[in-house]
Every structure is written in C-alpha cells, then in structure tokens.
Amino acid sequence: MLESCPALHGVAFTLSHLLIFHAFCTKLVLTIILPKMCICSYFSTPSIDQFNKDAGTFPVATNGQPFPWHELRLPTVVTPLHYDLFVHPNLTSLDFVASEKIEVLVRDATQFIILHSTDLEITNATLQSEEDVRYRKPGKKLTVLSYPAHQQIALLVPEKLMADLRYYVTIDFQAKLADGFEGFYKSTYRTLGGETRIIAVTDFEPTQARMAFPCFDEPLFKASFSIKIRRESRHIALSNMPKVKTIELEGGLLEDHFETTVKMSTYLVAYIVCDFNSVSGTSSSGVKVSVYASPDKWSQTHYALEASLKLLDFYENYFDINYPLPKLDLVAIPDFESGAMENWGLITYRETSLLFDPKTSSVSDKLWVTKVVAHELAHQWFGNLVTMEWWNDIWLNEGFATYMELISANATHAFKVSDNFFLDLCFEVIKRDSLNSSRPISNQAETPTQIREMFDTVSYNKGACILNMLKDFLSEEKFQKGIINYLKKFSYGNAKNDDLWSSLSNSCLEGDFTSGGFCYSDSKTTSNTVSIDTYRLEEIWYITSPRMMTTWTLQKGIPLVVVKQEGRSLRLQQERFLSGIFKEDPEYLWHIPLTYSTSSSNAIHRHILKSKTDTLDLPVKTSWVKFNVDSNGYYIVHYEGHGWDQLITQLNQNHTLLRPKDRIGLIHDAFQLVSAGRLTLDKALDLTRYLQHETNIPALLKGLEYLETFYHMMDRRNISDVTENLKHYFLRYFKPVIDTQSWSDEGSVWDRMLRSVLLKLACYLNHAPCIRKATQLFSQWMESGGKLNIPTDVLKIVYSVGAQTTAGWNYLLKQYELSVSGAEKNKILYALSTSKHEEKLMKLIELGMEGKVIKTQDLAALLHAIARNPEGQQLAWNFVRENWTELLKKFGLGSFPMRMIISGTTAHFSSKDELQEVKLFFEFLKAQGSHLDVFQIVLETISKNIKWLEKNLPTLRTWLLASI
C-alpha cells in the first residue's frame, strides 16, 4: 500500500521518529517545497469514460487515432510481475527478432495498457487472462497504438481488464541492431590477423531498455526476467543469470536458456552475444566471478579478476548482505559510451576500465581499473538491490557507489589513496557547484534528455562528498550501521532521500548512547576530543533528519563559511559561495557540520552552524584556527582579518603543525576565494611558497596543479611574458624535486604519480634534461620496432616528446592501429593530439569521425585533448560548430560524449570574442530545438575566466617578476 505523504512511507512510529517528522514538516512549510514523489498522487489515470468523452484532448498516435495517455511517466494501474523474453540477433544482417510474454497485475480496471517502446516494429500483440492460460485458450488480439514523442505504445484491449487480476501480454517484435551505444547495439573489434568481428551487446541505463523490448521502462516497475537467446555455435551468449541449458535447433543454431532473475528494474537487464574468452574464480561465499574479453586481449583480464574477488568479499562483509546472484560476469566491450554499466550479474565495461596490461598500463591505469570495478560492484547493492524511486534521486545510486569505490579500494588494495581522492572528488565538483548554473543533488528530471543530464559530477561527486561529510560527523561505525539498515529495509525495492535519512537516524536512535547520550562509538571518544555540547542527543537526531539533510540535497551550491577571530571569540557567517560572481546571495542557508582545530590544540572540535551567523568561544587564545579538519566537510572557508596571514606564517615556519589534508584544503580554498574576489591572488600565491619544503606528495601536487593551470591559461592566450616567467618559476623552485625523479616504475603509488606529473610538466616546458631523456627512450623504442618496454609511468611523456617530429608522429599512429592495449592506445592518442601541426590534428579528428582506426567512443576525449592544445583549440571549436548534426547522430543529445564535446572545446575560453561566438552558437542550437544545461555552465565558466584574467593578470605578472 502506498502512503499519501512521502515523508511517512516505511517509517516505524517511535517517539524519536515523530520528533524528526515534526521538525521536517515544519521545515517544509517554512523553507522547502519537496517535489512530489508519491506515485499514487503523482498520476491520475483517466477513466475509460473520460477518455471516450475527451479523446480530443489526448495526443494523436501515428495512425491518427487518439492516444489514451498524455503523461511522460507511465500510469500505475498496470504493473509488471514477470517477463519471458526471447531474443535472436543475426550478426550478419545486423538485426534481431524477439518475442516476450509479460505477466502483469491490474490494480484498477482499465481498457488499455501503456508501455515504453522505441524504434521497435511490433508484428503481433495478444492478451490472455489467467483462465485463458489455465485452459490453453488462444490470446485475444490487441490493437497497438504508437506515440513516438513519448516513446510509448498503447495496447487497447477488447474487454475491460478487471482490478486485482493477472493477465499475460504476448508481443512479437523486430528491429535493427542499433548503430550507437544504446539499447541492443552492435560492437566491432579487429583481431591481430586484421579480421573485423561483430558482437551484439545491451546498454539500457537510463531509458534505453525500451529500444530492445517493449517494457515498463521506469525504475519503480521492478519485475523478474526469464531470458532465452538464440545464437550461432561460434558465439556464446551471456545474460544476468547463469545458463540453465542449451537446446540444439535445426540449421546449427543454439538456444541458451538462463535462470530467472531476481526482482529488478528494466535498466539492469543485459545480454550479450559474442565470441569472447574468460578467466574465472570463486569468491569466499561461493560466487563464480568471470572476466571476459576478446580473444587477443584475454591475457589482460587477470588483474580485474583478482580485484573483483577481493572487492566482492569486502562488500559482502561490509554490508552484511551476501551478493544475491550465483555468478558475476565482467565483460570488456570494444565499443562503449561510458566507463561501465552495473547490469546485475553481467557488468559491462569500456576496455580501458577493465583490462590491465603490465607492459603498458601505468599505476594510474591500475588505480582506475580498481576504482571502476569497485564502483560497479558497489552498485550491485546500491542501485540494484535498492533502487531509487525515480531518476531525480540517481545520486542514491551514483553518490553511494562513488563513495564506496574509494572506501573499498583502500581496504582491499595497497593503494591507500582514498582519503586524498575524496578531496579530488570534492574539489572537482566544487568547480561546477560554485557556478550559479549548478543544480541540487536531487533535481526534477522528466524527459530522457533531462534524465541523462542527471549523470554528472553533482550526482556522483557531490553525492559522495556529502556522504563522507556525514560519515565523518556520525562516525564510521554509526554510518555503516545506518547504510546496512537502509539496504536491508529496502532490499529488492525502491527508496528515496528520506528513506536514507531515516535509516541513518535509526543507527543512532537505536544504538548505544555512551558518554551521556552521544552518537559515536567508544573508539571515537578516545581518539578525538569532542565539544560535548555539539553531541547532545537532540543534535544527533537532527544531523540525520530530513530537516538538515535537505539543505544539502534540495538546494544547489556550496556554502562559504567566513571566520573572524577576535581574541578568544570566533565570529562565523555563512553564505553561498559563487565563483566569478562577487556578491552575496541571501536566499541560501545550510545546516553545516563544522569541524576545527587550533594552534593550541590538535583536538577536533565540532559545531553545527544552523543560522547565518554564530559565535564560538575558545577555551584559550590561539595564533590561528583552521576550519574543515582534513577537508571532510563540503564547504569553503575564508579567514577574515589576519586569519590567512597567520596560517601562511605557520606554513612557512613549520608546515607540519597543520595536517597534510588541511594543507591541501588551504591551497584549494585560497585559489577558489581568488576566483570569487574574496582573496587577492598574491596572497594565495604567497601561500604556495612553502611548497618547496613540502614532502607530502598530494599537497605538492595540489599546489602544482593551480600553477600549471595558470600556465596553460596564459599559453592558450599567447601571453608570452607571463608564460616565460611561470616557466622560469617552475624550473627554479621545483628543480630539486624534478631532478630527483627517475625514469622508472619504482616507489609507492604517490611516488609514481608525482614522477608522471613532474616529468610531463618538465618536458612540456622544454626542460632540456627531460627532453633529452625522453627523446633517447623514444628513439630506442622506434629502433626496437616498438618492442622495447618503456617504464609505464613515463610512457605517455616519451610518446608526447616523440610525437613532435613528423617521423615520430607517423610511427605512433601506425603503432596505435596495431596495439591491443587500450591503456597504450590512450597514451598514444594523447601524444598524437599534442602535435603543433593543424593538418595532423585534423587527420586525427577525421579518423575519429570515420570510427575505424580511432573508435567513435574515443572521439569526445580526442576533441577535448586537441582543444587543450594551443595549436588545436580553434580547430576543435570550428569542427564542432560545422559538424554538430553529424556529432548528434553519433551520440545523441544529452549523452555524456556530447556534453564532454561541448564543454571540452569551449569551457577553457577566456576572451569576450570567444564568449560571443559560443553564445551565438548556443542560441542557434536552441532555435533548432537543442537545449542542454551544459550550455549555461559553459557560458558562465567562460565569463568567470574573463573576469579572472581582468582582475588577476596584472597581479600575477607583478608577483612573478618579484619572485624570479
């Protein structure tokens, strides 16, 4: 039964819950209007009489008849229980024939059934009642109406379907295998012998299952699936579940029957017909795990298997819930739009996200594979076992998977980099979230294009950062207990924002309140000194209540906390942080879980800032105070008065008195504040002077990142005096650490990452020793016929230097075509894109459009790389404008590649003329019916770049002259 108020759904009414609910509803009335989530009130299905009476008000089907449904969302009067699906793809004619029988439950009497269907030719549709099936009566033929604008079909039944009864809908259909990356599509690969082979693969998230079979293609309509696939003997078939049996048919065809799935959403259904090989292992709980790849790449599957087995064991223990399927397959797909897709039991990956070649894959490549595998395995619980009710809450899937990928990788592998990678995740999304064009984590999305745009850094990164902040405030133990509550309560069902907050709240309310009723474990009370008043029981109820958390999920942006120290008093003020806009927005208020430490004590103090202003009293006077300890909070801090000066002094005197992640946070916040006009550039640059003494590699890398960003901005604008002075500054202040780098794969993960970054920068700046060594290695590699094993961490650098000669560029392109390592191909393609010759860059783009030598899936990244090359930025931008229609055909509006192409070729612009060009192009696209949120993001970013240069270029020029 569905509750009428979403806040009450699934809540057990204890006194504590009533208190939370009262606070939440009060907040709703005062400040926030929640989007309608309750499906029973969201839809009002028209009655049959109403439809007959008001047919003129309804859409018109393709045959001219009235279509009996006018909403984008499906009605809920008919819900699916089970699909029997048969599919026969022909990999020669590149099409497929299929049929399905859907068992449905009718909740209210109706004379039509609405399903999703896109580009499918339906050849027959019939309906049987339970009695018809029992007595083997033939089905009654159904009239099929199509309304492509909503990707829907209507099945008109001859007699009214009665409430609370089950019926069986049988549909025969056929279609071409899709050309792109969605639905049921074809993918190709070349063997070492030069033969092109074709496979057929599915990719359904978020709204593309309807391209493969008519279905109730919304996450709320969960059902079970029994799948049969017909194939040739030279192929194998894979699906979500293990194969039960194979039947031999006439003509040499085989038909594989798979076990019935658990209850799941349509976007998680998957099947593949291919000729791949696999490597397998068994987890501690008995799950068979297999990794598949094309035959020539089978040797690159072993690391993914090793990682998967460790991660699966970790997740089963962490979530206290066994993986519910008997097998788990991971498949490397030659043509794949995104990084991976979490289909339940049959996870599909881009080859570079799954395969690892020890000879050409760097430590960064290995970390990437580990993180992507960890992300998709986390989805087997977050997303598959418990699914969001609607796409507005996709962050419940993606934010959790992003959070867990770092937690699990850190626990199961020797990388030990999760803490610092959380910082990178958060810093990346802050760039987006500090723009006025940002959006809330939970945001309205109705059309397929709007839904696709929800798959962005806000859902993934910000979602993970908010969860990490919550975990830090609650404690790891309580947070873990809360998410276990959440997963167990909503297993095989759907959930929304409030369900998560309720589960996390229960982890405190039902737990052991030691030390006077505070929500943390005994271990935490001994490790940190905590301000007792901030952990009163009522505040713990509060921090996990919708009243607090909706300030983070239902409003966009990131808070700025302004701190002014006056003796022993700290005056606090919060406002929305806007990058490039130098004014306060008074309409935003967050409830911020603050942490801080001081020069007089290493203790972590905590306080929830619930108002615009507040005051804290320190026990003793201190020379400095640092907020957002370890940068676990999702907010930026500005220190007014002498606050920044005191912190800079401490960094120069003894930077180790500040935690490493606090030093990273200070560097990040300082340069963000410069972009908002709250801090002068020379002050932020002064803060980085201590870096020549920094031994913490992540902190050193963060400082270098900002300085390098300034260099590339000046280089693209051809501001030669500043680029030369920045080059001299780099090579003077960082020469000692550059010169200590070896051209090897030795050292820790961080040692190896630093080596890659420093040597790449040094060679880009034409540092003579770097160029000599890279040239030497490249010449030796060419002379060996590409057989020499160059250390993987410097491989991209060596290729990039080698690509600057015509002979080297041509040889690299030849090797690109021959290589069977995706990791190596990525390095070569990047190197080729650094050429200073436009004709070479244009050749790469043409090859990407053709899709044979350079696969279409890599075109977006290629255009992005060329646009970052000063010699290629105008070329890439002109190409996008002139070939927009062709690009749209390849990727589709709202897809990640199209958004990447738009932002990648424009967001680095920093002149008024460029801004005007982009504005005019976007206005043209809008007039043609193409509109994306990324348009406004790009325009705002370019405007920010222009303002930054106008305000800060003279300061940068002066500071450099005084520093070299």
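Each Cβ is built from the backbone N, Cα and C atoms, and glycine gets one as well.
Feature annotations, courtesy of TrEMBL:
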- 12-34: transmembrane segment (TRANSMEM)
- 80-268: domain 'Aminopeptidase N-like N-terminal' (DOMAIN)
- 303-507: domain 'Peptidase M1 membrane alanine aminopeptidase' (DOMAIN)
- His375, His379, Glu398: Zn(2+) binding site (BINDING)
- Glu376: active site, proton acceptor (ACT_SITE)
- Tyr460: site 'Transition state stabilizer' (SITE)
- 624-942: domain 'ERAP1-like C-terminal' (DOMAIN)
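Here is what falls inside 10 Å of the CA of Tyr460 (site 'Transition state stabilizer') among the recorded positions Glu376, His379, Glu398: Glu398. Each residue contributes its Cα atom, and for Glu398 (Zn(2+) binding site) and the residue listed as 'active site, proton acceptor' those atoms are 10 Å apart. Model confidence over the domain 'ERAP1-like C-terminal' (624-942) stands at 96, taken as the mean pLDDT rounded to a whole number.
Taking the centre of the Cβ atoms of His375, His379, Glu398 as the Zn(2+) site, the nearby residues of that chain (Cβ within 8 Å, site residues left out) are Glu342, Glu376, Ala378, Phe382, Gly383, Asn397, Phe400, Ala401, Thr402, Met404, Glu405, Tyr460. Packing around the residue listed as 'active site, proton acceptor' is summarised by its Cβ count: 27 other Cβ atoms lie within 10 angstroms of its Cβ, all protein chains included. Taking Cβ-Cβ distances under 8 Å and a sequence separation of 6 or more, the neighbours of His379 (Zn(2+) binding site) in its chain are Glu342, Asn397, Ala401.
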